[in-house]
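Data block below; observations after.
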Amino acid sequence: MGRGVPSVFFYFLVFLAEILLFGVLILSLVWVQFYQDGFGWRENVKKEFNLHPVLMITGFIFLMGHAMLVYRLFGCCNKLGAKLLHTILYLMAVPCIVVATIAVFDSHDLRNPPIPNLYSLHSWMGVVTIGLFALQLFVGFFSFWLLLLCEQGTSSFRASLVPIHSSFGLITFMLAVATCVTGLTEKALFSLKNPHYSTLPDEAYYYNAMAMALTALAIIMGYVLHNPKYPPPSPVAFVEGPSSNSHYVMTQHGYVYREKNI
Ligand code: HEM
């Protein structure tokens, strides 16, 4: 059972995804700097709010997007290295998401008069997205690291968690895209009053460009990550099989049987 070589098209799609991942992050930074007065903390809640979109995009889109691409890009080489990089990127997203969440709640609570919390469709979607991310982190740690403490005994259970973890990774990413797009729409409607959003002032192009980049990312990431051709599943653990000259390989899609000398 040989592993295929990723096609030129695969690398083209990854290249496009990279442009979009960097593009949406840079656009958000430029937008906040030039149109929203930059960043601040509790002494200026309007500026504190600006941390929310930028850090949510950093955590949920930029870092999580890269964490998922890592397995597809480096799955061919050093499995442990890919796993470590995947975990580090995921962990780097945690402080971004925590600070982004604190910033948005502060921007409601510390305003005079305070704005009610969790009333909007966007905020409800946000809660589900954050909840799924937390669950992913827990399952990821549980399956990849904690259960390694008892590698042989828990290998089939861990193998059964891998497809769940990878499917929910993509689902969380898609939900994050949808949440970001609803947040951008909401912010555009709040901010662009004079001149109105419908007249397409310069700032409107930033909102629309970020939303379009996110939409394109949803399409490309969905295609690349869901397609078993790009590249085929990578072995993440080796488990001895019933006979001495063979072994089972645990892949993202369960166990496959392989000759030892492959
Ligand atoms: C996956 C990314 C995101 C998540 C998980 C998320 C989550 C949340 C949550 C939970 C709230 C409610 C806070 C409260 O009720 O006090 C909120 C509010 C808000 N978010 Fe986001 N957000 C995300 C991305 C964005 C982006 C990219 C923008 C773009 C500007 C944005 C704009 C807003 C705005 C304007 C509010 C205040 C109004 C409201 O409560 O709906 N969000 N967000």
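Including glycine, each Cβ sits where the backbone N, Cα and C put it.
In TrEMBL, annotation is done automatically, which means it is predicted and not curated.
TrEMBL lists 9-34 (among others) with the feature transmembrane segment.
According to TrEMBL, the domain 'Cytochrome b561' annotation covers 16-226. For the domain 'Cytochrome b561' (16-226), the model's average pLDDT works out to 93.
Feature annotation from TrEMBL assigns transmembrane segment to 54-75 (among others). Beyond the transmembrane segment (54-75), the same-chain residues lying 6 or more positions past its ends with a Cβ under 8 Å from any Cβ of the stretch are 6, 10, 14, 17, 21-22, 24-25, 28-29, 32, 39, 81-82, 85-86, 89-90, 92-94, 96-97, 99-100, 103, 129, 133, 166, 169-170, 172-173, 176-177, 179-180, 183, 210, 214, 217, 221, 224-225, 230-231, 233-234, 252.
Distant neighbours of the transmembrane segment (87-105): 48-56, 58-60, 63-64, 66-67, 70, 117, 130, 133, 136-137, 140, 144-145; these residues of the same chain sit at least 6 beyond its ends, with a Cβ under 8 Å from one of its Cβ atoms. If you look up TrEMBL, you'll see 87-105 (among others) marked as transmembrane segment.
A Cβ distance under 8 Å defines the sequence-distant neighbours of the transmembrane segment (125-149), meaning residues of its chain 6+ beyond its ends; these are 60, 64, 83, 87, 90, 93-94, 97, 101, 118, 157-158, 161-162, 164-165, 168-169, 171-172, 175-176, 178-179, 182-183. The annotation transmembrane segment is assigned in TrEMBL to 125-149 (among others).
According to TrEMBL, the feature transmembrane segment maps to 161-184 (among others).
As annotated by TrEMBL, transmembrane segment applies to 204-225 (among others). Within its own chain, the transmembrane segment (204-225) has Cβ neighbours under 8 Å at 10, 13-14, 16-17, 20-21, 23-24, 27-28, 30-31, 35, 57, 61, 65, 68-69, 72, 166, 169-170, 173-174, 177, 180-181, 184-185, 187-188, 192, 197, counting only residues six or more beyond its boundaries.
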